[in-house]
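Worksheet: the structure to be examined is printed underneath.
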Amino acid sequence: MNGPIIMTREERMKIVHEIKERILDKYGDDVKAIGVYGSLGRQTDGPYSDIEMMCVMSTEEAEFSHEWTTGEWKVEVNFDSEEILLDYASQVESDWPLTHGQFFSILPIYDSGGYLEKVYQTAKSVEAQTFHDAICALIVEELFEYAGKWRNIRVQGPTTFLPSLTVQVAMAGAMLIGLHHRICYTTSASVLTEAVKQSDLPSGYDHLCQFVMSGQLSDSEKLLESLENFWNGIQEWTERHGYIVDVSKRIPF
């Protein structure tokens, strides 16, 4: 296995159409639509990019996938019923800016009834309150927890974990910003560079990202100071935008 190897877009698309024909031969009328997503769907694939496809099925509760490599290239094909796919497209979790970009750049390969457009419209039409709730949950479930971790490191170590924790905090901050602006990042590799270009960032976020993007993660004191500044910036930013985190003085159940 010596891959992935360099391939052209034309070579990838030839494979896509071979897979499409195999899907139609195997599942026949059960197939409603087939599309390509990811960099290939956006037409921004690089020489080593993989192939990602989605298949909308008429079978209720269909939900399975195939992922394989030939040793030279890799493919993932997800099979979902229309109901399951639409439900997932309407969900907003903390990683929505990374997971749901697929629904905004689907390249249709086979679509007998406009199903992929329906998926796109569903993802596009999520209510503002859903994003609001996801932001509040991210602050509590991820960022608040990370703050406890870096404060523990300041008190008792180990500082060896601080560089990777700083990367995690920067990524969580990017998810916060993506949810606020309701944008999906192009790729996981471009998350931070795209996040810092957005308007209305929490104070301290850009400075924190500079450490991560430059790889300057060896000075523990500077990292801890930057993390605290970002956390303070989040407090002011959330209050300004009305993201009220529920605080319970008692056990809530």
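The backbone N, Cα and C atoms fix where each Cβ goes, and this holds for glycine too.
Lifted from Swiss-Prot, the feature list:
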- 1-127: region 'N-terminal domain' (REGION)
- Ser39, Arg42, Ser49, Asp50, Glu52, Glu145, Lys149, Thr187: ATP binding site (BINDING)
- Asp50, Glu52, Glu145: Mg(2+) A binding site (BINDING)
- Asp50, Glu52: Mg(2+) B binding site (BINDING)
- Glu52, Glu67: neomycin B binding site (BINDING)
- Glu67, Lys74, Glu76, Glu141, Glu145: kanamycin A binding site (BINDING)
- 128-241: region 'C-terminal domain' (REGION)
- Glu145: active site, proton acceptor (ACT_SITE)
DSSP helix/strand/coil residue counts for the region 'N-terminal domain' (1-127): 53 helix, 34 strand, 40 coil
Nearest to Glu67 (neomycin B binding site) by Cα distance: which of the binding-site residues Glu52, Lys74, Glu76, Glu141 is it? Glu76
Taking the region 'C-terminal domain' (128-241) alone, what is its mean pLDDT? 97
According to DSSP, collapsed to three classes, what secondary structure does Thr187 (ATP binding site) have? coil
Those binding-site residues listed as Ser39, Thr187, and which of them has the most Cβ atoms within 10 Å of its own Cβ: Ser39
Cα proximity to Glu52 (ATP binding site), best match among binding-site residues Lys74, Glu76, Glu141: Glu76
How many Å lie between the Cα of Lys149 (ATP binding site) and the Cα of Lys74 (kanamycin A binding site)? 37
Take the C-alpha atoms of Thr187 (ATP binding site) and Lys74 (kanamycin A binding site) and report the distance between them in angstrom, rounded. 17
If you compare CA-to-CA distances from Asp50 (ATP binding site) to each of the binding-site residues Lys74, Glu76, Glu141, which comes out shortest? Lys74
